[in-house]
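Asks: Quick one: this structure, given as structure tokens, is what I'll be asking you about.
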Amino acid sequence: MVNGLNALHLAAKDGHISVVEELLKRGATVDAATKKGNTALHIACLAGQESVARALLAAGAKADAQSAAGFTPLYMAAQENHAGCDGFTPLAVAMQQGHDRVVAELLESDTRGKVRLPALHIAAKKNDVKAATLLLENEHNPDACSKSGFTPLHIAAHYGNVGVARALLSAGADAGRAAKHNITPLHVASKWGQLAMLDLLVENGANIAAVTRDGLTPLHCAARSGHSNVVARLLQHGAPITSKTKNGLTPLHMSVQGEHVETAKVLLAEGAPIDDVTVDYLTALHVAAHCGHVKVAKLLLDRNADANARALNGFTPLHIACKKNRLKVVELLLKYGASKSATTESGLTPLHVASFMGCMNIALVDARAREEQSPLHVAARLGHADIAALLLQHGADVSATTKDKYTPLHIAAKEGKEEVASILLENGAAIEAETRKGFTPLHLAAKYGDTGVARLLLAQGAAPDAPGRSHITPLHMATYYGHPDIALLLLDKGASPHSLAKNGHSALHIACRHNHPDIAFALLEHDADPSVKSKAGFTPLHMAAQEGHEDCVEMLIERGADVNVPANNGLTPVHLAASEGRTGVLKALLSAGGQVSARSRDGFTPLHQAAQQGHTLIIQLLLKHNADPNALSANGQTACAIADRLGYISAVEALRPVTENTLSQAVGDT
């Protein structure tokens with residue numbers, strides 16, 4: 001058949017015992033299953049065919065066979081109120097269905113089935129007093145715990161099932177039994193607002209001040225859930241109104257956290273201290289501010305709660321409301337006199353906090369933090385244009401400076417906040433204001449690479465060549481930090497490529513030293529001098545050669561840079577390339593006419609420089625270009641002698657064959 005039923009299944013269902021016996025005699029498979037996994041024994045039990053079930057069992061049918069849904073024949077029998085079988089799982093099912101006769105007959109069994117709760121717990125949940133009584137009469141432990149750690153009395157307390165609770169207590173259940181996390185039935189009843197259960201438990205000795213693992217009393221539980229009648233009754237029974245959890249929360253804190261105004265009223269009427277604090281010195285008003293609970297905050301303020309109470313970190317309720325953007329609470333606190341200038345341990349006013357969080361709350365516009373940042377500085381740093389505009393409307397000083405002389409415009413330029421920068425300029429911000437190091441906002445835009453702010457500042461008249469304390473211009477900044485777009489923008493707006501810093505470095509020096517060939521190209525296109533010297537006499541080519549930047553070297557050579565120009569100490573680009581082991585650069589310099597015989601102030605040739613650093617490949621390259629291995633330095637040493645003294649074996653091996661009197665020099669040096 002489509003559903004997998006065979007003749008044995010059908011005979012079992014209808015109770016045809018003779019047919020069943022004949023089929024079994026003829027070899028029918030006793031445990032053959034339908035598509036749902038039901039055997040003939042399942043079907044017989046479900047249909048209440050006891051004689052058939054006995055015959056099947058006698059023929060070897062598996063009594064514990066499970067259907068596809070996991071049910072045994074015994075489960076089937078119990079579900080349909082057929083008392084011809086026993087076992088724990090059917091007991092649970094029979095109890096759920098209210099079949100008292102089956103329950104009574106199944107009590108002797110103690111095997112476990114699929115139901116998660118033990119039988120007595122199920123009776124407690126369903127408030128099935130009859131089943132519970134039967135179970136208790138058969139020596140079931142009234143305080144037995146389920147896998148989750150709770151007793152039947154906890155379950156009854158949860159659902160407010162007073163009838164079963166009385167039966168349990170009469171059988172000796174402990175009214176104060178602490179289960180998982182030290183939760184008692186009274187905690188459960190209080191949390192779920194079970195007033196009658198509360199009275200019953202207290203009458204039977206439940207501890208009104210019992211605490212959980214986290215320090216919660218039943219009063220805390222009732223307050224957090226907003227059960228005002230339970231709170232009142234607990235207080236009548238003597239519940240401690242000032243009890244605190246491990247983190248210091250009182251029942252009043254809990255009621256405020258849940259925004260339970262009526263519950264808070266009950267607690268306050270019974271004398272709950274309105275400004276009691278947690279371990280972090282948070283009052284109930286702090287909690288209301290954090291949660292944005294306006295009604296309960298007003299209740300507290302009407303009852304004279306301290307609007308300026310300070311938490312451990314110095315936060316007042318107004319700080320917290322600003323941080324959480326609780327605008328209505330902010331307005332309420334200000335109305336009740338909360339201080340707009342109160343500072344935290346780190347020096348922040350409520351408006352600082354609001355500015356940090358992007359909140360549209362106004363406290364006091366000229367308050368300063370420890371680094372002397374005004375709220376306008378904070379708004380500029382975070383890019384909160386609406387806050388910045390609001391602050392300026394209320395008189396914030398657009399020219400306020402930090403201890404390092406940064407104005408809000410400097411901050412906006414540094415952080416790339418173009419919209420804020422525009423608002424500040426519209427309100428008269430000084431575009432050429434200088435920091436303690438002499439940097440303008442344009443310097444900072446150039447340093448941090450924000451083209452939008454740089455373009456805005458230049459459009460508003462910022463000087464593209466403004467010198468810092470060391471004569472560093474915005475172009476120097478953009479070049480050093482590798483921002484080609486800003487460098488090109490500055491050049492297009494008139495920045496001079498010839499400006500020199502205090503040490504004589506041009507932007508081209510910087511570009512070549514830090515390998516920014518795109519910026520170097522832009523500078524050369526704007527007529528930068530490729531042979532300009534620093535105060536020490538170094539040219540951009542010296543810089544590029546020393547650092548090994550071949551692209552810059554080739555670019556400078558193409559633009560006519562002198563490959564043999566000496567610095568003040570006599571070092572040429574060839575010397576520097578040799579000293580640093582820059583093979584590619586050295587080849588380019590030599591191809592462009594670089595001299596291998598040039599001498600420094602100390603009489604060193606490029607070969608001496610290479611020997612001093614042990615650069616064998618450079619030595620070989622210089623020798624190939626006719627460098628003199630016998631040239632003496634100012635103190636009379638050849639390159640070979642220097643390499644030998646410093647222990648560069650491969651360098652010595654390259655130089656010794658072409659150097660005269662090498663050994664005698666080396667001996668003489670020692």
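Cβ atoms are placed via backbone N, Cα and C, with glycine included.
The model shown is predicted, which means the values in this text are computed figures rather than measured ones.
When I checked TrEMBL for this same protein, it listed these features:
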type	residues	note
REPEAT	3-35	repeat 'ANK'
REPEAT	36-68	repeat 'ANK'
REPEAT	148-180	repeat 'ANK'
REPEAT	181-213	repeat 'ANK'
REPEAT	214-246	repeat 'ANK'
REPEAT	247-279	repeat 'ANK'
REPEAT	280-312	repeat 'ANK'
REPEAT	404-436	repeat 'ANK'
REPEAT	470-502	repeat 'ANK'
REPEAT	503-535	repeat 'ANK'
REPEAT	536-568	repeat 'ANK'
REPEAT	569-601	repeat 'ANK'
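Mind mapping these onto the model and telling me what they sit next to?
Replies: Within its own chain, the repeat 'ANK' (3-35) has Cβ neighbours under 8 Å at 41, 43-44, 47, 49, 51-52, 55-56, 59-62, 65, 67-68, counting only residues six or more beyond its boundaries.
Averaged across the repeat 'ANK' (148-180), the predicted model reaches a pLDDT of 92.
Same-chain neighbours of the repeat 'ANK' (181-213): 149-151, 153-154, 156-162, 165-166, 169, 175, 219, 221-222, 224-225, 227, 229-230, 233-234, 237-240, 243, counting only residues six or more beyond its ends whose CB sits under 8 Å from a CB of the stretch.
Only residues 6 or more beyond the boundaries of the repeat 'ANK' (214-246), in the same chain, are considered here, and those with a CB under 8 A from a CB of the stretch are 181, 184, 186-187, 189-195, 198-199, 202, 208, 252, 254-255, 257-258, 260, 262-263, 265-267, 270-273, 276, 278.
Here the repeat 'ANK' (280-312) has, by DSSP, the following mix of helix, strand and coil residues: 17 helix, 0 strand, 16 coil.
Same-chain residues lying 6+ beyond the ends of the repeat 'ANK' (404-436) with a Cβ under 8 Å from its Cβ atoms: 374, 376-377, 379-385, 388-389, 392, 398, 442, 444-445, 447-450, 452-454, 456-457, 460-463, 466, 468.
With DSSP states grouped into helix (H, G, I), strand (E, B) and coil, the repeat 'ANK' (470-502) comes out at 16 helix, 0 strand, 17 coil.
With a cut-off of 8 Å between Cβ atoms, the residues of this chain six or more beyond the repeat 'ANK' (503-535) that come close are 470, 473, 475-476, 478-480, 482, 484, 487-488, 491, 497, 541, 543-544, 546-547, 549, 551-552, 555-556, 559-562, 565, 567.
Within the same chain, residues 503-504, 506, 508-509, 511-515, 517, 520-521, 524, 530, 574, 576-577, 579-580, 582, 584-585, 588-589, 592-595, 598, 600 sit at least 6 positions outside the repeat 'ANK' (536-568) and bring their C-beta atoms closer than 8 Å to a C-beta of that stretch.
Note on the repeat 'ANK' (569-601): residues 536-537, 539, 541-542, 544-550, 553-554, 557, 563, 607, 609-610, 612-613, 615, 617-618, 621-622, 625-628, 631 of its chain, located 6 or more positions outside it, place their CB under 8 angstroms from a CB of the stretch.
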